[in-house]
Amino acid sequence: MASPPEHGPPGPAGGDGTNLNNNNNNNNHSVRKCGYLRKQKHGHKRFFVLRGPGAGGDEAGAGGGPAPQPPRLEYYESEKKWRSKAGAPKRVIALDCCLNINKRADAKHKYLIALYTKDEYFAVAAENEQEQEGWYRALTDLVSEGRAGAGDAPPAAAATSGSCSASLPGALGGSAGAAAADDSYGLVAPATAAYREVWQVNLKPKGLGQSKNLTGVYRLCLSARTIGFVKLNCEQPSVTLQLMSIRRCGHSDSFFFIEVGRSAVTGPGELWMQADDSVVAQNIHETILEAMKALKELFEFRPRSKSQSSGSSATHPISVPGARRHHHLVNLPPSQTGLVRRSR
């Protein structure tokens, strides 16, 4: 993979032989990394260019010069098109509005780098783990630099006004704030990430999904203490659930489910959602289960009040959706697991 040197003027790059000095169309000083990657959906190979903040192209700024541009990821049909004076990028993704950048895997690709913004999900596939790590570090380091320099909070940390209002009591629930407040605990993630993990899921009209009108495509956003469901083109979650309110969770094929108790803002019930494939569903399950266990261990170190230590409540198996309307969700395998609900 070709990348410009970190210091000094760009010179010939190794790997795929990309020479930044021959590029007439771009400000080379803003290029942090470049090279070929594959798009997730169709596997097409494209030439990607990662740029730091700098001057844009044709748009005029306040001083009459090029308008300043945020850090961004561009891709071109080929390296030749990138070098071409008239070669415009096929697509540009601004990194300053990313909810999350993370390494992923699915049934077709082992080494994905996934970018989640409020209105889209975009992923590219690397050839191997080393290449994946290189692009992931370059992307997250650039985002960290940009936000540290601008003094910005993560994009979801600021309240927004508009059409993306919460649909349930306590829906904003501080999940964005929790994501920032919990940086020192739980899963490892870039400090500037709005959430520790993000997945795109399709909420199904079953259980709470139907009764609370939570259906369709959402971002499932995990912080150290909460999960939030953020609708596409929105920055604030429609509903936020405390991890401690989750009684059980599991996956079957490409489906993932959670059962929450009475302490959840939704009230007790089930939420069913579909991921891209079984590999992604398993990753959601294992990651959330790990966060639940970590949070449970944290609370075990704290003294319990009398109300918490008295009485007991049995954990009942989750009810499987009926075969008539949801036959593909029946007969869950041993992957259905969860935590014993804390006594109150």
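Using N, Cα and C of the backbone, Cβ positions are placed for all residues, glycine too.
As recorded in TrEMBL:
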{"type": "COMPBIAS", "residues": "1-12", "note": "compositional bias 'Pro residues'"}
{"type": "COMPBIAS", "residues": "19-28", "note": "compositional bias 'Low complexity'"}
{"type": "COMPBIAS", "residues": "53-66", "note": "compositional bias 'Gly residues'"}
{"type": "DOMAIN", "residues": "30-144", "note": "domain 'PH'"}
{"type": "DOMAIN", "residues": "195-299", "note": "domain 'IRS-type PTB'"}
{"type": "REGION", "residues": "1-31", "note": "region 'Disordered'"}
{"type": "REGION", "residues": "51-71", "note": "region 'Disordered'"}
{"type": "REGION", "residues": "304-344", "note": "region 'Disordered'"}
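Counting residue by residue with DSSP, the domain 'PH' (30-144) contains 25 helix, 54 strand, 36 coil. If you average pLDDT over the domain 'IRS-type PTB' (195-299) in this model, you get 92.
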